[in-house]
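Shown next, in structure tokens, is the structure this report addresses.
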Amino acid sequence: MDAESGRGAATARRKPWREEALLAYQSLGVVYGEVAAAPLYVFRSAFAGGDIGHSPGNEEIYGALSLVFWTLTLLPLAKYAFFVLRADDGGEGGTFALYSLICRRGVRAGLLLPSSGAAAGDDVTAAAPVSAVRAALERHRVLQRLLLLLALLGTCMVIGDGVLTPAVSVFSAVSGLELSMAREQHQYILLPITCVILVCLFALQHYGTHRVGFLFAPIVCLWLLCISIMGVYNIVHWNPHVYQALSPYYMYKFLQKTQTGGWMSLGGILLCVTGSEAMYADLGHFSQYSIKMAFTLLVYPALVLAYMGQAAYISRHHNFENGSHIGFYVSVPEKIRWPVLGIAILAAVVGSQAIITGTFSIIKQCSSLNCFPRVKIVHTSSTVHGQIYIPEINWILMILCLAVTIGFRDTKHLTNAQGLAVITVMLVTTCLMSLVILLCWNKSIVYALSFLFFFGAIETIYFTASLVKFHEGAWVPVTLSFIFMIVMCVWHYGTKKKYEFDVQNKVSISWLLNIGPSLGIVRVRGIGLIHTELMSGIPAIFSHFVTNLPAFHQVLVFLCIKSVPVPHVQPQERFLVGRIGPKKYRLYRVVVQYGYRDVQKDDIEFEKDLVGSIAEFIRCADSNEKGFLDGAGQSHEGLSSISKGLPLEEDGEFNGSDSPGSSTHKETSLNTITPKPKRVRFALPKDAKIDREVREELQELMEAREAGMSFIMGRSHMRAKSGSGLIKQIVINFGYEFLRRNSRGPPFTANLPHVSTVEVGMICQV
């Protein structure tokens, strides 16, 4: 493996510059809405505490501008644009992408449920000398848990940011109305307008961003152009010498003079980089070069000019008695203040939309990797990848967002809360990125530690400045993250224990061989799909079926749908097919693999692909098959990757009369019983030579397909074993069971009709 193979396809293949330029333009509306809206509240938040005085030499203003400039330069530009963006996981970014990258390409230290590595095509470089860090992570379970908790912490803080960013952005944009009304009217006008905009923002989410996406980039582009022009105007008109503040010397003078007050103001200055994580989180929607191009050529210069213009204005207007005098809108010429207010509100909505969509995306990743309860995921676009809507999360975010807005009623406490969430995510990214540099890129430990200590030191300073404001609003992201962390840990722990129970209670192959090909029951026509989480062995629930049901289908398929820790699974690697027991048993195992960014399609084509893959496995059994599954093998022996299933041709209209209680079906899927077609046949290659046994097996599969499919699933109820500790009993008996009862079922069972479903309940003592 190449030392930096973790950079993925986005690094290896650069698109034509015209295409990159178009992607860069489109990224403005999706990636940079939040960071572009930051000038609305950065300086106001930095000076909101009143701990910083003012002197005729403008050391405080120049120092704040110098800190903003170098923070923008070192974190979004240097760290994200030139380091973090290169660490993509198959073109995808985000906290979980870094964790997945470390677990698959760095060390075998993942705590996610076992999944087939065939789809990923990744392996840990065994030939290279194992470093002390790699060996420690592979050996110590505690370090593995800490690594997972670190990734979950970053994820929870992103969710917290999804609550706070809309409130901060919209409230700050609407605050421009302060200058045109009496102070006593602020709370009666600003707060209701903010709440109305927030409700509308969340209520429109179900339409999907693609409906209004074409407006996002022009709005952000217009906003950046607006603030940069105003910045140039303020620099020329008020203080042409403000450029001197770009020297880091003014940072030193600022901190030396203001001391504790200056250190506490860092929590507000930090907000200039809010939204920087979106550069990495939204990497899968664009490319490394397009995101870097948009930031370096447009976003970064526009923001620097905007902050310099505000500083130039403030340096000539020293009235700090009222917070509005150091806000954004006072530096806007009065003649254009109302148009700028309208553009600012639109930019705030775009920035909020980006973080809401990002929250949906990261929750989908966590859910697919069994780190978050299953939720309903609606794909709002059939053409644009990654645009999703999660109703439950959307309304939870709206309620929490309105709660913090109404509860705090000012931007001071809201920005304190947002600052802690932003810097925590950045710290987590720095820690995980240093491990990627060491373990995945195979760089020296000096290189990794230099990255960790340089950027980690900067972020730690900001983190302490944000944490000291715990009682002034910073407690909100901590509380939200704690709640979401408990939910995620309980769900992950319970799901893992259930999987371990299934593995430990698998039915032995000797039991299957003893009961014979008929399985001790009557085999009737049709295909039975038995859902299981196991990729090897026979689930315990199968013996329960055989014991209690007088008949079973002539073809049984143990169907395992797995989410693997990679962004996307190639279509030719999606189906793994194997055989359980001898051929005459007609028992098959099919593992269907999806990446955490893949869309699980739910249509009739899935059934055709499933049956076609089994048929191709039967046809190529002599070359593919390495013996049937033994029911206890820890490797996936006997599973063959089917690159392309045998084409399935179905003639005639479907007749639903064979399905009791059903009407004519115009479309079917894995979730429905397949009505009986008039005729089914496989399109074999012209030069194919098929022996008699294979032909008989294919014929039987065709007859079973004609008879239809039914879906058989188990419903497990978890209980802690007697004698378990009190904490385990609370987590399993109450926490996990509550989440299981109130979460969605697997996506492919959402519309499962009762006439085609057999559910068997089991109590799992763990």
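A Cβ is built for glycine as well, from the same backbone N, Cα and C atoms used for every other residue.
As annotated by TrEMBL, transmembrane segment applies to 21-41 (among others).
Among the features that TrEMBL reports, domain 'K+ potassium transporter integral membrane' is placed at 23-513.
Taken from TrEMBL, the feature transmembrane segment covers 61-78 (among others). Here the transmembrane segment (61-78) has long-range neighbours at 35, 42-43, 46-47, 54, 242, 244-251, 253-255, 257-258, 262, 265-266, 269-270, 272-273, 276, 279, 295-296, 300, 303-304, 307-308, 311, 314-315, 426, 455, 458-459, 462, meaning same-chain residues at least 6 beyond its ends whose C-beta is under 8 angstroms from one of its own.
Per TrEMBL, transmembrane segment is recorded for 146-168 (among others).
Note on the transmembrane segment (188-207): residues 166-167, 170-171, 174-175, 177-178, 181, 345, 349, 352-353, 356, 378, 380, 389, 391, 394-395, 397-398, 401-402, 405-406, 409 of its chain, located 6 or more positions outside it, place their CB under 8 angstroms from a CB of the stretch. The annotation transmembrane segment is assigned in TrEMBL to 188-207 (among others).
Per TrEMBL, transmembrane segment is recorded for 214-236 (among others).
Residues annotated as transmembrane segment in TrEMBL: 261-281 (among others).
The transmembrane segment annotation in TrEMBL covers 293-314 (among others). Sequence-distant contacts of the transmembrane segment (293-314) (same chain, six or more residues past either end, CB-CB distance under 8 Å): 20-21, 24-25, 27-28, 31-32, 35-36, 38-39, 42-43, 61-62, 64-65, 68-69, 72, 76-77, 81, 221, 224-225, 227-228, 230-235, 237-240, 242-243, 245, 272, 279, 326, 328, 330-331.
Annotation comment: TrEMBL describes 338-363 (among others) as transmembrane segment.
Same-chain residues lying 6+ beyond the ends of the transmembrane segment (384-408) with a Cβ under 8 Å from its Cβ atoms: 162-164, 166-167, 171, 191, 194-195, 198-199, 202-203, 205-206, 208-210, 213, 284-285, 356-357, 359-361, 363-364, 375-378, 414, 417, 473, 476, 480, 597, 599. Under the heading transmembrane segment, TrEMBL lists 384-408 (among others).
Sequence annotations record features per position, and here TrEMBL assigns transmembrane segment to 420-439 (among others).
Among the features that TrEMBL reports, transmembrane segment is placed at 446-468 (among others). Sequence-remote contacts of a segment are chain residues at least 6 beyond its ends whose Cβ falls under 8 Å from one of its Cβ atoms, and for the transmembrane segment (446-468) they are 71, 74-75, 79, 83, 263-267, 269-270, 416, 419-420, 423-424, 426-427, 430-431, 433-435, 437-438, 474.
What TrEMBL records for 474-494 (among others) is transmembrane segment. Long-range neighbours of the transmembrane segment (474-494) within the same chain, counting only residues 6 or more positions beyond its ends whose Cβ lies under 8 Å from a Cβ of the stretch, are 111, 148-149, 152-153, 155-157, 159-161, 163-164, 267, 366, 370-373, 400, 404, 416-421, 424, 466-467, 718, 731-732, 735-736, 739-740.
The domain 'K+ potassium transporter C-terminal' annotation in TrEMBL covers 526-765.
If you look up TrEMBL, you'll see 650-676 marked as region 'Disordered'.
If you look up TrEMBL, you'll see 656-674 marked as compositional bias 'Polar residues'.
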Dominant neighbour of the transmembrane segment (338-363) in 21-41, 146-168, 261-281, by Cβ pairs under 8 Å: 21-41
Mean of the pLDDT scores, which run from 0 to 100, over the domain 'K+ potassium transporter C-terminal' (526-765): 71
Top partner of the transmembrane segment (21-41) among 146-168, 214-236, 420-439 - counted as Cβ pairs under 8 Å: 214-236
